[in-house]
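Everything below concerns the one structure shown next.
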Amino acid sequence: MAVYKVQVSTGQDSLAGTFDTISITLVGSHGESPKHVLDRFGFDFQPGSVREYKVPSERALGPILLIRLHKEPYSFFPENMWYCNTVQVTSPEGDTYRFPCYRWIQGYRTVDLSLLSPAQTPCDESHYLLQKHRREELGGILDPHSPPRPGERTQESWLAAPLPRSNHQTPLPSPGNGVLFKGSVCVSPEYVFEHWQEDAFFGYQYLNGFNPVLIRKCTALPENFPVTQEMVAGFLGESTSLQEELQRGSIYIADYKLLEDIPTTKVNGHQQYIAAPLCLLHQKPSGEVVPLAIQLSQHPGPESPIFLPSDSEWLWTLAKTWVRNSEFHLHEVTSHLLRAHLLAEVFAVATQRQLPMCHPLYKLLIPHIRFSIHIDVLARTFLISPGGIFDRAIATGRRGLAELLRKALENLTYTTLCFPDDIQERGVASLQNYYYRDDGLKIWAAIESFVSGIVAIYYRTSLSVQSDHELQAWVGEIFAKGFLGRQASGESPELTKYLTTVIFTCSAYHAAVNAGQFELAAFMPNYPSSMRKPPPRNKAKVTLNPGVDPRGFSDFDASVFTTLPIPFQRPLGTYPEEHFTEHEPKQLMAAFQDRLAEISREIKERNRSLSLSYNYMYPPNIENSTAI
């Protein structure tokens, strides 16, 4: 008779425990034990508990390769989910085997767990039992008749209960309350209220606001934007001209052409309107970026005037407000929803469907897709569902949102997501005071160095990349269900770039386009979601009522910030669950964390000399995954 010691760790979440009967079967190289009920006096699997049990076997099992956890009914209690962290088995000889779970187990079923061991690609797996388990793990996920998997393999569906829909009286969170916005405040809402009409602050938001991905260098004016030297001469200075500034590289443009022909809806009984403007920007020798000219449509002509700083203060403010309204739609739907959330979900689903838990890329990526599915389920439920926030408060409604998403997806490229490539493609490598770029390049390089080290450990040749069928299936699913235009990965540098793109998108990029929403958007005129009158077609006929709908925006603002809470924040580079066991990956993690700490110090030092600090890509403020 051999007796094995079994230690079971249950998750900390308040819903993690279960009253169901839990049994275990040990599978070794020499056989397997009978199913044994794990039962001691009291509540065995309560949240946060670590319980020890003795499991008998008629004979020694040899090295333990797998364990089977059996979840079955207990008495009259209803079934409830169980979040199992780890199971540790100690043999009679004193050998210890750890089996990571880190998942919800739902329903009455049996779950096989493989040994916490060095990460292995399918080419490295040697024991037939582990090869079989690897195939069955993925086969169960891909089987359309198998029980739901997202809530089982990651802590997705049950960690944070959605809050009820808000109404106009819902109190908004404060950036000073230390909860949602701890440490991330760059610009206070009070500052926005005082400066929102200023050209310098308008331009600043293109560089370091929460949508810093639209601005691009303009070396030649578009044919549909006929700005002349005479129009802007007074704002460029006597010693230069528009053509000279174009050649010098100090002229930039923001083009909202994706919004053209997007349908709109009614909000609070009023028809809504959107524009597809063009905005010309100039970076002064001082480094300030200011608007030079605004056209509120893509079609020049008598009914599409060009607004200038020389117009009356009211007209110029109105034109900028229309641009900020267009900024709302492009940011929320394309920069935020599509690029940061829906693509993160594609990465998350492909990772869980195509990579087994023992795969090195699963171990690398799983911390960076935590809550990605959960937060998108909440968004579908409360924001973009029938009768949700977009239908009730946003000019496009769901119909317009779907059309805008379609157009944005058609225009999205792999280059767009690769941060250094995007900076070069938009021509903003030399743009002054562009802290989003400066901080982002540092973080990209830190992630790339970390990922390159991981890839070098497990893929020593290009052939090892090409022959990993699980990796190729992962890339293929992202291509098929996403957009990236790459059906396979063939070289180690390509794989490194691909993985860096995934991690950067789910962490640093999302932080950049998400973190500043409250402080910059709380004052509605700076970021209006609804316009109740069409864009002006004649400067002389503009009234003092711009058509901004504050009621719609207050509904959107309050609902978003109370519907989508941060479950539990984990900064970039945080790895509390042990997935890698080898020394080399752990060294790389430590080096990655050290580099992030160094970047943090550099950002803090830089911010001391700025009137407006930039903290959206400050590593302690970057969530490890798309979790809000």
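We count from 1, first residue shown onward.
Glycine is treated like the rest: Cβ placed from N, Cα and C.
What you see is a predicted model, and the numbers here were worked out from it, not measured in a lab.
Residues or ranges marked as Ca(2+) 1 binding site by TrEMBL: GLY17. According to TrEMBL, the feature Ca(2+) 2 binding site maps to ASP39. As annotated by TrEMBL, Fe cation binding site applies to HIS336, HIS341, HIS510, ILE628. Residues or ranges marked as domain 'PLAT' by TrEMBL: 2-119. Residues or ranges marked as domain 'Lipoxygenase' in TrEMBL: 180-628. According to TrEMBL, the feature site 'Essential for stabilizing binding to COTL1' maps to TRP104.
Per Cα geometry, TRP104 is the residue among the recorded positions GLY17, ASP39, TRP104 nearest to ILE628 (Fe cation binding site).
Close to the recorded Fe cation site, the chain also has LEU337, ALA340, ALA344, ILE375, VAL513, ASN514, THR626: residues not among HIS336, HIS341, HIS510, ILE628 whose Cβ is within 8 Å of the site's Cβ mean position.
There are 20 other Cβ atoms within 10 Å of the Cβ belonging to HIS336 (Fe cation binding site). Among the recorded positions listed here, namely ASP39, TRP104, HIS336, HIS510, TRP104 has its C-alpha nearest to that of GLY17 (Ca(2+) 1 binding site).
Its Cβ taken as reference, HIS510 (Fe cation binding site) is surrounded by 24 other Cβ atoms within 10 Å in the chains shown. Per-class residue totals from DSSP over the domain 'PLAT' (2-119), listed helix then strand then coil: 0 helix, 65 strand, 53 coil. Secondary structure at HIS341 (Fe cation binding site), taken from DSSP and collapsed to helix, strand or coil, is helix. A C-beta separation below 8 Å, combined with a sequence spacing of at least six in one chain, links the residue listed as 'Ca(2+) 2 binding site' to THR21, TYR53.
In this structure, ILE628 (Fe cation binding site) belongs to neither helix nor strand by DSSP; it is coil. Note: the CA-CA distance between TRP104 (site 'Essential for stabilizing binding to COTL1') and HIS336 (Fe cation binding site) rounds to 29 Å.
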